[in-house]
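See below for the structure under consideration.
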């Protein structure tokens, strides 16, 4: 454990991420499991991005935001999984303080961006279903770009403020983080500074960044469900529901696990399960998003079918030509 002296204090320069070190007999199995998840996640999200870019039929606001979400999920999982995989493979769980704060910066930035992007996507579905006559006027190319850029910039500013405050802390006590990545609460628990003011500021900032997107998402789906139930035709009801069902599943998984980890009282049982629920919103959700959108979305399946057909045709031509 490396330390540096500063006045009468000895400051930490690195932490130890305990991760799943309490399961030594499962390290290789966990490495293989998370490696497969990482490969599937990156491949699935990159495929969604490629389909949205390549297929003219998918050049719509809904798929523009889906492409942004897939890009975000690729970065999100790459912030956490490569470091975890290296730790499982080598057994080296140390991470420098600066690297830990950098990891938290990207984690916080991308988590807030996902909240905002899910809200934007739900607003898009609200306009498409509840205000179809105004949809093309309100969701034109420029407004979509402004919403996407606003999401990324505002999320970055929120993460900037939080990490700037964390950089003012001193760490001179225990150095073991009982988590598999550098999350806010486990890190500040190790600080020997007074963190009360910082915790208040960051709590207010987190509420400002996540509560409005969550309430907007909730309100839009209340309106969508209300409007859908008024549709007399069964086919019309099914068409309306199919356009937002995949997004609703993603929102439920993401917010459900986040609420369990960060909002419920910390009983002994929930404290022990924190890592498991954290795996859901940091690792599992980015992996299942492409599967959910591709399996329950007709346009994505058609675009994928076109790519497969073109590839098969090219392979047949190659086998025929000398």
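Any Cβ shown, glycine's included, is placed from N, Cα and C.
Values in this document were obtained by computation on a predicted structure and should not be read as measured data.
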Note = Here TrEMBL annotates transmembrane segment, and of 4-23, 104-123 the range meant is 104-123
Inquiry  = Restricting to CB pairs under 8 Å, which listed stretch, 65-84, 104-123, 204-229, 276-296, is in contact most with the transmembrane segment (241-264)?
reply    = 276-296
Query = Which residues of the same chain, at least 6 past either end of the transmembrane segment (28-53), have a Cβ under 8 Å from a Cβ in it?
reply = 20, 59, 63-64, 66-67, 70-71, 73-74, 77-78, 81-82, 84-85, 88-89, 283-284, 286-287, 289-291, 293-294, 300, 303-304, 307
Query = Taking all residues of the domain 'G-protein coupled receptors family 1 profile' (44-293) together, what is their mean pLDDT?
reply = 85
Remark   = Ranking 65-84, 144-166, 204-229, 276-296 by Cβ pairs under 8 Å to the transmembrane segment (104-123) puts first 144-166
Task = Verify whether three or more Cβ pairs under 8 angstroms connect the transmembrane segment (144-166) with the transmembrane segment (276-296), leaving out any pair fewer than 6 apart in sequence.
result = no
Query = So what's near the transmembrane segment (65-84) in sequence-distant terms, Cβ-Cβ under 8 Å and 6+ beyond its ends?
reply = 17, 19, 34, 37-38, 41-42, 45-46, 48-49, 52-53, 95, 103, 106-107, 110-111, 113-114, 117-118, 120-121, 124, 144, 147-148, 151, 180-181, 282-283, 285-287, 289-290, 293
